[in-house]
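Novice: Pasting a structure here, questions to come.
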Amino acid sequence: MSKIIYTKTDEAPALATLSFLPIVKAFAQTAGVDVETSDISVAARVLAEFPEYLTEEQRVPNNLEALGKLTQDPNANIIKLPNISASVQQLKAAIKELQGKGYAIPDFPDEPKNAEEEEIRRRYGKSLGSSVNPVLREGNSDRRAPKAVKNYARKHPHSMGEWKQWSQTHVSHMHSGDFYDGEQSMTLDKARTVRMELLLEDGTTKVLKPKIALLDKEVIDLMFMSKKALLEFYEREMEDCREAGILFSLHVKATMMKVSHPIVFGHAVRIYYKDAFQKHGALFDELGINVNNGMASLYEKITELPASLREEIERDLHACQVHRPRLAMVDSSKGITNFHSPSDVIVDASMPAMIRNGGKMWGADGKLYDCKAVMPESTFARIYQEMINFCKWHGNFDPTTMGTVPNVGLMAQKAEEYGSHDKTFESSDNGIARIVDIDSGEVLLEQRVEKGDIWRMCQTKDDPIQDWVKLAVRRARESDTPVIFWLDPYRPHENELIKKVKTYLKDHDTNGLHIEIMSQVRAMRYTLERVARGLDTISATGNILRDYLTDLFPILELGTSAKMLSVVPLMKGGGLFETGAGGSAPKHVQQLIEENHLRWDSLGEFLALTESLEHLAKNDDNAKAKVLADALDRATETLLLNDKSPSRKTGELDNRGSHFYLAKYWAEELAAQDENSELKAQFAPLAQKLEENEAAIVEQLNEVQGKSMDLKGYYLADEALAEKAMRPSPLFNEAIASLS
């Protein structure tokens, strides 16, 4: 049998899977396709890491490791749903929940006191941040808005805030002392094994990464961010923001850049509340407060103090706000600010939302205000300022007419910054950070750093670059759309890539294709001018811009990035099919618990499944899989045209109801097609059954709404309870079961 691996993840997509997967399995088995699940939720990953603490019955396999190996199989076919990129707070909450359910895993050591705790901290670190995607993404990224989705957005445009030319909103970034400012890069002339070390001022050497194997033609970079320059930057920007009377907002990606960005975030918090930290710093250290984890962790820790001392600290924190700018809010009604948690404001989602809102963010009074968007690292901050400039001059974009911006992203084999976590360090001393060839002793790259500076090494292998260029040319040819490589010749790393792109383009037939290389700001301006005229432009970018642009443009075009088609053609021949580019929607889960209404839109799952079946049809020469894929494609379009996507409002159609309509339309398409008589005969009775019982099924699905529910767990819900909640229509369940 052909096989599809369907991942079980977290939060809203995990709940949606309980409703949708039985439908997928029932339909797929008619084409000889076996659909298996693989649990890569944060709970499963934590448990897999500590088998020696568990009983035999409690142990779970390391599914992420197994899937990583599977990506090397030419027959791999994996559908990957969004998962939690856990912050420290989320990880600790998951650990606490698992311990409460009888799993005797160790506590998370905030400040490890011995070698054993260091090892526990290291092992838990594997589940922090974006730890899933780098393992599975053994290919480059092809993300685009399917035609049916784009057409729907044009006919049913989402709301867009109005931009004013006099808007004070702007982006602020460092102009010196950041990673861009001092980056060094080189392409290796041969395979080498290197180490990362810090040569201290007293002549001793501290080895930080003893052994890194590098390949011939690999691009390596060394860069650092100055702590001194960063703190001066924050002071300057906070004062400028206060004088301007606009909101201060900090935009980082602490989930992915899980070593560097929490540090960058923590420095902003300490500068903002500088007087309180100077007064209470010793006590905060004693309590083990680490504001790299946000103000939420500080408030949590001071609850242990006597009331008088706690109130004094709270007064001192509030007093700091008098001479600091107002903070942008994550949730005005609950008083949650931009500094609450580093994972609350994630740049690739927060910046597009602000731009879509006419350049405004929420203040503490629940009103919208202009803001200063602070992104310390200048490398990619400039693209957002370019878009803001464009919006101020031309006004907001029109979803009914704007063009689309598909992306071909370089990400395979942990390319660039997104693969640098294990090679990122906060310097413990002044000295020279360097990369040294172990065999020859040759110093390949070196930089002078000071205590507290963040320095890192990035790698980009040559095969992924060749594959990226090939994919860009293929997409240009298939879609007859210009491709722009967003590469800055003044950035050393990207200058190395430009040389390679120019070389590898010669390996392909580019006759009749429009392919250019532009710096990020020029590429953004060129793309926006085309978008405003309704023209399409493919962006070929590195790993970070892949992430940023595949949220930015879809949010403006479609209202969400969850409706993107996200395909990763694996370099060994298999396929990884990601369901959209959004997160795992904790607020959707909150609504389900409070009102038994799940507004998660599974369109991303429908699109990924279509591509997965298409891939299967080609790879396994499975004609029935092709019929299923074509029928699903038409059914998805019908679902959009008939407006059967989930409503945000309790009592109306939700995720479960949209799954019913998808199954109904899919069965009808299969019953109506003439390519395969066997499938036609199999699905005719189901189509009839769903048609006849439509009103009764929808009533059963909707009548359970409006009541609170308890799933007996968040990170590890009670499976029977959750399944019962997500499949509340006996009529629909029986109809799907009748297929097998």
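Note: Cβ is positioned from N, Cα and C throughout, glycine not excepted.
Reproduced below are the annotations present in Swiss-Prot:
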| type | residues | note |
| --- | --- | --- |
| BINDING | ASN83, SER85, ASN133, SER584, HIS588, ARG599, ASP601, ARG648 | NADP(+) binding site |
| BINDING | SER130, ASN133, ARG137, ARG143, LYS253, TYR418, ARG546 | D-threo-isocitrate binding site |
| BINDING | ASP348, ASP547, ASP551 | Mg(2+) binding site |
Novice: How many angstrom lie between the most widely spaced Cα atoms of the NADP(+) binders ASN83, SER85, ASN133, SER584, HIS588, ARG599, ASP601, ARG648?
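Specialist: So the maximum pairwise Cα distance among the NADP(+) binders is 29 Å.
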Novice: Whole-number Å only: compute the distance from the Cα of SER584 (NADP(+) binding site) to the Cα of ASP547 (Mg(2+) binding site).
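Specialist: Just about 16 Å between their Cα atoms.
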Novice: Measuring Cα to Cα, how many Å separate ARG546 (D-threo-isocitrate binding site) from ASP348 (Mg(2+) binding site)?
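Specialist: With distance taken Cα to Cα, ASP348 (Mg(2+) binding site) is 10 Å from ARG546 (D-threo-isocitrate binding site).
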Novice: Roughly how many Å separate the Cα of TYR418 (D-threo-isocitrate binding site) from that of ARG599 (NADP(+) binding site), to the nearest whole number?
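Specialist: Here the two Cα atoms lie 31 Å apart.
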Novice: Of ARG137, ARG143, LYS253, ARG546, ARG648, which of the binding-site residues has the most Cβ neighbours inside 10 Å?
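Specialist: Highest number of other Cβ atoms within 10 Å: LYS253.
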Novice: If you count Cβ atoms within 10 Å of each one, which of the binding-site residues ASN83, ASN133, SER584 comes out on top?
Specialist: ASN83
Novice: Near ASP348 (Mg(2+) binding site), how many other Cβ atoms are within 10 Å of its Cβ?
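Specialist: Counting Cβ neighbours of ASP348 (Mg(2+) binding site) within 10 Å gives 25.
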Novice: Do you know offhand how many angstrom separate ASN133 (NADP(+) binding site) and ASP547 (Mg(2+) binding site) by C-alpha?
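Specialist: Cα-Cα distance, ASN133 (NADP(+) binding site) to ASP547 (Mg(2+) binding site): 12 Å.
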Novice: If one measures from the C-alpha of ARG137 (D-threo-isocitrate binding site) to the C-alpha of HIS588 (NADP(+) binding site), what distance in angstrom results, rounded to a whole number?
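Specialist: About 27 Å separate the Cα atoms of these two residues.
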Novice: Calculate the distance in Å between the alpha carbons (Cα) of ASP551 (Mg(2+) binding site) and ASN83 (NADP(+) binding site), and round it to a whole number.
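Specialist: Here the two Cα atoms are 16 Å apart.
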Novice: Spatially, and counting Cα to Cα, which of the binding-site residues is closest to ARG143 (D-threo-isocitrate binding site)? Options: SER85, ASP348, ASP547, ARG599, ARG648.
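Specialist: Checking each of SER85, ASP348, ASP547, ARG599, ARG648 against ARG143 (D-threo-isocitrate binding site), the shortest Cα distance is to ASP547.
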Novice: If you run the three-state DSSP split on ARG143 (D-threo-isocitrate binding site), which class comes out?
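Specialist: Reduced to three states, the DSSP call for ARG143 (D-threo-isocitrate binding site) is strand.
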Novice: Using a Cβ-Cβ cut-off under 8 angstroms and a sequence gap of six or more, which residues of the chain neighbour ARG599 (NADP(+) binding site)?
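Specialist: Residues satisfying the criterion: HIS588, GLN591, PRO646, SER647, ARG648, ASP654, ASN655.
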Novice: When neighbour density is defined as the number of other C-beta atoms within 10 angstroms of a residue's C-beta, which of the binding-site residues SER85, SER130 has the lowest density?
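Specialist: Ranked by other Cβ atoms within 10 Å, the binding-site residues SER85, SER130 bottom out at SER130.
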Novice: State which of the following binding-site residues has the fewest other Cβ atoms within 10 Å around its Cβ: ASP547, ASP551, ASP601.
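Specialist: The binding-site residues ASP547, ASP551, ASP601 were compared, and ASP601 has the fewest Cβ atoms within 10 Å.
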Novice: Closest to ASN83 (NADP(+) binding site): which of the binding-site residues SER130, ASP348, ASP547, going by Cα position?
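Specialist: Smallest Cα separation from ASN83 (NADP(+) binding site) among SER130, ASP348, ASP547: SER130.
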